[in-house]
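What TrEMBL says about this one:
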| type | residues | note |
| --- | --- | --- |
| SIGNAL | 1-15 | signal peptide |
| DOMAIN | 47-159 | domain 'Ig-like' |
| DOMAIN | 166-261 | domain 'Link' |
| DISULFID | Cys212-Cys233 | disulfide bond |
| DOMAIN | 267-356 | domain 'Link' |
| DISULFID | Cys311-Cys332 | disulfide bond |
Amino acid sequence: LPLLLKATLLRLAIGSYHPFYNGFYYNHIMNDNDDDGQDKVDYFNGPKLVVEASKDPVYSYNGANVTLPCHYRYEPDLGPKHKIRIKWSKLRDDYTKEQDVMVAIGKTYVAFGDFKGRAHIRQASRHEASLVISDVRLKDDGKYRCEVIDGLEDESDVVDLRLQGIVFPYQPPRGQYRLNFHEAERVCQDQGAILANFNQLFQAWSEGLDWCNAGWLADGTVQYPIRLPRKPCGGVHLAPGIRSYGPRHRHLHRFDAFCFSSALKGEVFYLDRLAGMTLEEAKQRCQDAGAEIARVGQLYSAWKFLGLDRCNAGWLADGSVRYPIVTPRANCGPAEPGVRSFGFPSKGRFGVFCYRER
């Protein structure tokens, strides 16, 4: 301990018969040596601080408001305490330094980064430290640490925020395996999505996603989900699962991308003309309807969460032509539900899928 702090604690200890008390009890304040030359051990006999966050994942979606429950208590409870410090941080998928979300002391708090103006502490009860996030964003998905600091005591617990969403593979117009990591990040953002993390890809695989082309994930690894083992996809003798190439060079190596999009705040709808439209005409038609041409992530979200089912091909913002099928039927593609793609036609006239905020 610093010399001044040692001296202060020593005076307090000598000045009273009872151990020093500030809401906690301490024995053996100084680590003096015994006669036998052995260090004494410090023992903490005060009330134990316990922090408990939600054990079950908390589910939300893009644009919603969400509360991450966290409470603390003392064992035994000795009544009202002085102000404690509450800190929330977001754990990163790649295990690098945690991202600060906010710090609060009493009713005073400071939020950081993208959480400014969107995060605050809910203290509806005496020992509550829950985090409220408004206007949830795609990248808010992940694990959060609730940390309570009271003097020398520091305890924490972790809660998992999961966004309801869908993972979809994406190739640019140039074709397969053309994206380095940073380009993959950008194309997902352009489609109203973000790069998926492993947990999101695993969830999509468990729900039936089978894709033989490798794609970037948010942690810089390259992986792909296989439900039906086959020779071009790792071999017929490997069990179903997530195939991994591990971390790849983020500038030099090129693959596809696995993007993640959440539920929508608006609606996707289809427009057409008798003779169809070019891409530029399709964009204008959506604007005339008070909307914008839909992006790929929005079409996938509408298909999964809003049950959009349309057996008519339509333009999307990236220049691709696709259509969503919930109920497979004749002349509407394969026997499984999904979003069908015609690729990126340079010519042709089609309908258009538009997106409008509610």
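Cβ atoms here come from the backbone N, Cα and C positions, even for glycine.
Across the residues of the domain 'Link' (267-356), the predicted structure has a mean pLDDT of 97. Highest Cβ count within 10 Å among the disulfide-bonded residues Cys233, Cys332: Cys233.
Distance between Cα atoms for Cys212 (disulfide bond) and Cys311 (disulfide bond): 25 Å, as a whole number. Sequence-distant contacts of Cys311 (disulfide bond), defined by Cβ-Cβ distance under 8 angstroms and a gap of at least six in the same chain, are Tyr323, Ile325, Arg329, Asn331, Cys332.
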